[in-house]
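Following: one structure in structure tokens, then a few remarks.
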Amino acid sequence: MEVWHQWSIFRSLLTILQWWCFNVTVIIMNKWIFQKLDFKFPLSVSCVHFICSSMGAYIVIKVLKLKPLIVVDPEDRWKRIFPMSFVFCINIVLGNISLRYIPVSFMQTIKSFTPATTVVLQWLVWRKYFDWRIWASLVPIVGGILLTSITELSFNVFGFCAALFGCLATSTKTILAESLLHGYKFDSINTVYYMAPFATMILGVPAFLLEGHGILDWFEAHPSPWSALIIIFSSGVLAFCLNFSIFYVIHSTTAVTFNVAGNLKVAVAVLVSWMIFQNPISPMNAVGCGITLVGCTFYGYVSHMLSQQQPGTPRTPRTPRNKMELIPLVNDKLEGKI
């Protein structure tokens, strides 16, 4: 029994580590594509990710049969899946746009604002009750974001707004999932299987019209465009692997472990990006990032404790664990980029 317990802990650590590796690698590769390869076309990068994710999900479910397909009625695909895919698409595009204009450290810190936007949206739009401890746990998150924004040495208004609206898109997707996907217990792979093709269809035409000419110019001017394209498509493959890794992390860890690991993942991404890109970080900026991550961890702990209350006790609304998988990334610590 003890051996089995040790193996379970070891397996959980392995799944968390491979999740961290995929997530940090995808974020760094995306930043590298925008900054080092000078491929400043976030719509096209997102579209490549959607195409790779669509193909990957099809192979996993239909060819390798590693995951059973969750059957969705054709009518529900347009009434339920398509609206979710639209918000899902906006979320990923905004994340990539923000990566083009602001450092990874700042972008990841802003994305940690998602718990606050989710609670506020549910309270304003759905009039859901939230325990005072939930509101209190949001104070360090908001305070940390404000401190980080004020002291950010590479601040860019456009990138900041893209990341902030990305938080709103993530929150909207989480909230919509509770109503639009009621009755369907999706995992991360089935989510990608249904949403990524819709997202490709939504984004394909705008990417072609807005960025097609610029890509042709880039292809002619870049000294080694084919090598760069391999890196771009590799980031799409790794983005799908990230979604696959999320499935195993959720099923191998508890909700509390998942929350803590998600916040530590942000710290790892910030550290690795600073080592690679050497973006300037002031001491107060680092403090603001730390306060935000501590606040996110505290928020996750409070949410979990309130969810364990006895029946009859007023409970804070929360997303069931199987619906947490709807967020590929993200983040809201599943802010991994597809």
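Glycine is treated like the rest: Cβ placed from N, Cα and C.
For 13-299, the entry in TrEMBL reads domain 'Sugar phosphate transporter'.
The transmembrane segment annotation in TrEMBL covers 12-29 (among others).
According to TrEMBL, the transmembrane segment annotation covers 41-61 (among others).
What TrEMBL lists as transmembrane segment is 81-102 (among others).
Annotated transmembrane segment per TrEMBL: 132-151 (among others), in sequence order.
What TrEMBL records for 192-209 (among others) is transmembrane segment. Sequence-distant contacts of the transmembrane segment (192-209), counting only residues of its own chain at least 6 positions beyond either end whose CB sits under 8 Å from a CB of the stretch, comprise 41, 43-44, 46-47, 50-51, 53-54, 56-58, 61, 69, 72, 77, 81-82, 84-86, 88-89, 92-93, 186, 240, 243, 328, 338.
Taken from TrEMBL, the feature transmembrane segment covers 229-249 (among others).
What TrEMBL lists as transmembrane segment is 256-277 (among others). Within its own chain, the transmembrane segment (256-277) has Cβ neighbours under 8 Å at 12, 16, 19-20, 23-24, 27-28, 31-32, 35, 103-105, 108-109, 111-112, 249-250, 289, 293, 296-297, 300-301, 304, 324, 331, 333-334, counting only residues six or more beyond its boundaries.
Look at TrEMBL and you will find 283-302 (among others) tagged as transmembrane segment.
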